[in-house]
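A.B. asks: Got a structure for you, written out below as structure tokens; questions coming shortly.
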Amino acid sequence: MGKRSRQRQKNQNASRDDRDNAGWGAGYADIIKENKLFEDYYKEQGLIPEGEFDQFMEAMREPLPATIRITGYKSHAKEILHCLKEKYFKDIQELEIDSQKIEAPQPLSWYPDEQAWHTNMSRKLIRKSPLLEKFHQFLVSETESGNISRQEAVSMIPPLLLKIESHHKILDMCAAPGSKTAQLIEMLHSDMDVPFPEGFVIANDVDNKRCYLLVHQAKRLNSPCIMVVNHDASCIPTLQIDSGGMKDVLFYDRVLCDVPCSGDGTMRKNIDVWKKWTTSNSLHLHGLQLRIAVRGVEQLAVGGRMVYSTCSLNPIEDEAVIAALLEKSEGALELADASADLPGLKWMPGVTSWKLMTKEGQWFSDWSEVPSSRHTQIRPTMFPPKDPEKLAGLHLERCMRILPHHQNTGGFFVAVLVKKAPMPWNKRHPKVLPTNIPDVPRLLPEGSAEETEDGGPGGRGDGETETAGAPLAQEAAGKQDAVCGPPPSKKLRVFGYKEDPFVFLTEADPVFTTIQSFYDLSPDFPKLNVLTRTHEGKKRHLYMVSKELRNVLLNNGERMKVINTGVKVWSRNSDGEEFGCAFRLAQEGIYTLQPYIRSRIIRVSVEDIKVLLTQENPFLSKLENDAHAQAKQTGMGSIVLKYIPNPNDPSEPQCPIQLCGWRGKTSIRAFVPRNERFHYLRLLGVEVFRDKQSLGQKSRDGAKEAAAAGKGGELENGDGNGSLEPKTEGGNKEQQQLKDTKGAVAD
């Protein structure tokens, strides 16, 4: 090893040790947490209560606590909370490391039902204790299976203030990486007995690559009511839907407008902001933030709510945007009073006066003071309204600013807007792009703006109103220099990745013939909601969306760029046809699909599930008598394994469990991804963990059958006795995941 390599390795090890002493996600230990411009700016603005500025700066320099949120819509959220409190938190309370008592995780006082928790444990501390290591593995595994989300505390606030109901149509304008989107989906599915809520979430992001991160987050929740799209939020297309045989404009009941910002509220987590922060960041972003907010309220239904939020404390990005938006609305919008919506949350009311500062340190209190040479960087909308009466009527004090030192969080700003009437530049419905104009590209890329309503203020950097009434073709041809003008159509070929089509099946599609009879689907099964991703060849996977999302997809396929939608419900397998059906059930969509399945369901007990999840292809005789009898009466092929809780036995999980399985000739197996296996085993009281090298298992004293299944050797299987496994698309992956389960189980 050369001298440079040794030095590089030494530096890497040193920086890793520094990070270990910080909270989870901390890094950049070599960055000095000082920025005089930042301190001078916020002292002058007077946002921090008198006498608290030193506390504020001290909190900004401390690592941010790690926060987790238990997925709220799943019926076993209570079981996960019980597992956390009884198995981990109770033991951690009594733990001492290096003669120091460990502070146990605490619930966020303002988050409902103790579904969110925070902890100050560092990586180094976690590595010192096997108990904390197991707790960390539990969090990682449950996060991957979608039952827990790692999310910053203040980031959880906007979805709560939206007050989501299951029938709401929701637009998340700047959604990536997707933690807030996940919350919105959970709220739609608050009633697990309803497989298809009437509402849906359309999650958008301008960055094509970040859209796939968004897909990954949403996929964990297995919802048929989420669609990920890729557009510039400041000119996201107006969509249309079919309503009683007529085309109508889609307006959203709820809009989440979490705009790009300078991020100075995230300094505790993103430490490089300390050296990069300058006042010019907010000046550059203000125009974009206002355009996105304007576009959001344009798409909002009258009576709907929009939450505007940033992770910046800067009034230029916060109150200035809200004030400009309210002024432009001419009474169509009002700030809602959300002070009572989150009891326990500490926040500061919005301010009504603020100043601008350039990066050179020059201050401006009013637009009239700004020299003409700076008019391109500084706009009138960045200043508070002059008229005291008008300013008081805006009720900017209803905005909420969360300061880091009040509840040991990041910095955040949030405002709740209610739409009372159509926007003044939109007294009639917005235009929907005709699909028969040859000069205009039909699939609009991220920069298109045909949907800016009647030339509304969404089209310019400073938010000024464009001239209304320009012909559509002329508008598309003439806006070459505007932010929202569509580029030449040839650029469509290189805009991101080419997506497979979304093709809905007809009720008469031949694939339904065998599926219908094999699974005995109920007459109300919505066949029209089933789609595939190919026009030609064999259908590999079948997906389902809600009726409302189907409506959106069918009427806007060439108007928007859809990245992903639907939940997988069936996958083709090569052996299925000889048993009567070429498609096996997919675990991702089992909770969506199962209410419509009337046959091939085997009721199983807790002990049956333990066997199925810890052994590969156990013999049918391994099941308890009731399940064994049902399995013998069921033909070979794909099955549903269903556990129904017994309310008279509180020692067992009090939530339903449904697993996809395969009935072989003499054996049976569960088709469940590894992390979901671990999740269900934990619910059943089986402790699951892996050592740091993922090479084996640490079994506790007295481990019986479950541990025996994992003792370093091969798991039991019935392959040699006539078990027929489905050879599926991706089947090897599932088999490998099942093998990964061995060596990770201790009873």
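Glycine residues also receive a Cβ, built from the backbone N, Cα and C atoms like all the rest.
Curation does not apply to TrEMBL; its annotations are automatic.
The annotation active site, nucleophile is assigned in TrEMBL to Cys311. Residues or ranges marked as S-adenosyl-L-methionine binding site in TrEMBL: Cys174, Ala175, Ala176, Pro177, Gly178, Ser179, Lys180, Asp205, Asp232, Asp258. Per TrEMBL, compositional bias 'Basic and acidic residues' is recorded for 694-704, 726-747. Annotated domain 'SAM-dependent MTase RsmB/NOP-type' per TrEMBL: 56-420, in sequence order. Taken from TrEMBL, the feature region 'Disordered' covers 1-21, 429-467, 694-747.
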A.B. asks: How big is the Cα-to-Cα gap, in Å, between Ala176 (S-adenosyl-L-methionine binding site) and Cys311 (active site, nucleophile)?
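C.D. replies: Between the alpha carbons of Ala176 (S-adenosyl-L-methionine binding site) and Cys311 (active site, nucleophile) there are 14 Å.
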A.B. asks: Looking at Cβ-Cβ distances, which residues of the chain lie under 8 angstroms from Cys311 (active site, nucleophile) while being 6 or more apart from it?
C.D. replies: Val154, Ser155, Cys261, Gly263, Gly265, Thr266, Gly410, Gly411, Phe412, Phe413
A.B. asks: Only counting partners 6 or more residues apart, tell me which same-chain residues put their Cβ under 8 Å from the Cβ of Cys174 (S-adenosyl-L-methionine binding site).
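C.D. replies: Once residues fewer than 6 apart are set aside, Cys174 (S-adenosyl-L-methionine binding site) is near Asn204, Asp205, Val206, Ala233, Cys257, Asp258, Val259, Pro260, Ile292.
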A.B. asks: Near Lys180 (S-adenosyl-L-methionine binding site), which residues of its chain come within a Cβ-Cβ distance under 8 Å, counting only those 6 or more away in sequence?
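C.D. replies: Sequence-distant Cβ neighbours: Ser155, Met156, Pro158, Pro159, Asp172, Leu256, Asp258.
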A.B. asks: Within 10 Å of the Cβ of Ala176 (S-adenosyl-L-methionine binding site), how many other Cβ atoms are there?
C.D. replies: 22
A.B. asks: Measuring CB to CB from Gly178 (S-adenosyl-L-methionine binding site), give everything in the same chain under 8 Å that is also at least six residues away in sequence.
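C.D. replies: For Gly178 (S-adenosyl-L-methionine binding site), the qualifying residues are Ala203, Leu213, Leu214, His216, Gln217, Ala218.
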A.B. asks: Let's check the environment of Asp232 (S-adenosyl-L-methionine binding site): how many other CB atoms sit within 10 Å of its CB?
C.D. replies: 23
